[in-house]
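Okay, so here's the structure we're looking at.
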Amino acid sequence: MMEERANLMHMMKLSVKVLLQSALSLGRSLDADHAPLQQFFVVMEHCLKHGLKVKKSFIGQNKSFFGPLELVEKLCPEASDIATSVRNLPELKTAVGRGRAWLYLALMQKKLADYLKVLIDNKHLLSEFYEPEALMMEEEGMVIVGLLVGLNVLDANLCLKGEDLDSQVGVIDFSLYLKDVQDLGGGKEHERITDVLDQKNYVEELNRHLSCTVGDLQSKIDGLEKTNSKLQEELSAATDRICSLQEEQQQLREQNELIRERSEKSVEITKQDTKVELETYKQTRQGLDEMYSDVWKQLKEEKKVRLELEKELELQIGMKTEMEIAMKLLEKDTHEKQDTLVALRQQLEEVKAINLQMFHKVQNAESCLQQKNEAITSFEEKNNQVMSSMKQMEERLQVSERARQGAEERSHKLQQELGGRTCALQQQLSQLHEQCSSLEKELKSEKEQRQALQRELQQEKDTSSLLRAELQQVEGLKKELRELQDEKAELQKVCNEQEQALQEMGLHLSQSKLKMEDIKEVNKALKGHTWLKDDEATHCKQCEKEFSISRRKHHCRHCGHIFCSTCSSNELALPSYPRPVRVCDSCHTLLLQRCSSSGH
């Protein structure tokens, strides 16, 4: 560390000296492309990086000199403008780039020496970032501050926009500072020796920096390999998920095709039924005027009821989706540890409330369906009444035709008997013809009304078919409700098992306090035995069943191995225990045999 500090001090002296000489030759104004200025920033960066503590994170190791520079904002409020402007630059994404931008702005303000002096004066804050033997923590730091005071003479015009400060490689170009030994004066041998030593130190510093850069690049390569492996695992998981989704999509398509075939068959059956009903309803002629208004009113009521049913169905579908989401969350939570039991109970209460709401809505839908069925029966009764009235009208027409025939026969007889009354009879016949024409007109109007009623009946049949389809959907919803209730019962069983496990754990915890003294004595007696740890055992040694929340772990007080509760339910009094303790089945049989042999 001492050699590195000495080499960096020599480098800083040379870089400041070359920078001042080049600035005086150019008129004390420098640009960002000036080579000595760039090398000065590289040397300054190495000085600030010397002795930095490495901070480890989940991404990797972080070793940036921007951390101590941020302290200047707290110690010196004048530097707040520099810090805010550096943070607001969108091109900078790394801490190294922000530190370089901070150095550029401080040099342009001619306060770089002042800011570093404030940092060095507060070494108790710098100890968080630097090692105790770092350059900024030793006397060399004050020497560097004195060298930087001379740079206040320069005028630097640096533009931060468009420069890639994040990816610049900070390598010192020693060719600017190396000099030929032959060019030196003959009488200054001491200066030549010091220059040669400085050159040697520079070359050593260059090699050290190159080795550091190689190590950093190797660590970056390792991090990239780890990230690539993680990304490959994520890609494999995503591909598996896509395959499962494609299979589900194919299943859904097959179900849709089955539903379409069933709907087409039901449509054909309904068409045949409508044809038969049309043939039966063609025989109706009169008495439908009064029924038309009633049917129209009932149709309006049914439309309102249908809209209400559609709204209720939409609500039920929404509730179904919410139920599916809740069930998925419950399935995930059942695989977690004991801390999620409270959340499971809350979700179960919400599911119970939703099931009650769904049950009430299904009852309401069933009542509405019963009302519609009653309305359909009333329609059929009214149609039967219309048919009976039509038959009565036909009988009346037949009676009128018979009376007409009798009147014609009587008219012929009267013409033969009375020739003088022909005029009156002709007038009566004309009247009868007029009545027949009026009757024919009425029959035509009745036929038109009958056609209109037939159209309305077709519309009613269409609505009835739609209602039947809705009934089928309601039956499907009932089936889904039953399935959800079955899943709910299974989840309740799981919750009951977990509650039993919690109760057992509470009992074991309450009994553990009483058994602490017994365990101490057992440990004294079991010094010769190997007492297995809980983390090492995942399966029961006898039945080889995996341990879980419901299947607890129990130590045998004789052999020290771990068994389940069924394989270690026996208790015996051991010489090291005053009262009976838990023993496995094999130890129980062995101890009983020993007791029987010793008794004999």
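Each Cβ is built from the backbone N, Cα and C atoms, and glycine gets one as well.
As annotated by TrEMBL, coiled coil applies to 214-265 (among others).
This prediction places the mean pLDDT of the coiled coil (327-504) at 80. Summarising the annotation, TrEMBL assigns coiled coil to 327-504 (among others).
Residues or ranges marked as domain 'RUN' by TrEMBL: 31-163.
Residues or ranges marked as domain 'FYVE-type' by TrEMBL: 534-592.
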For the domain 'RUN' (31-163), the number of residues DSSP places in helix, strand and coil: 83 helix, 10 strand, 40 coil
Residues in the domain 'FYVE-type' (534-592) grouped by DSSP into helix, strand and remaining coil: 8 helix, 12 strand, 39 coil
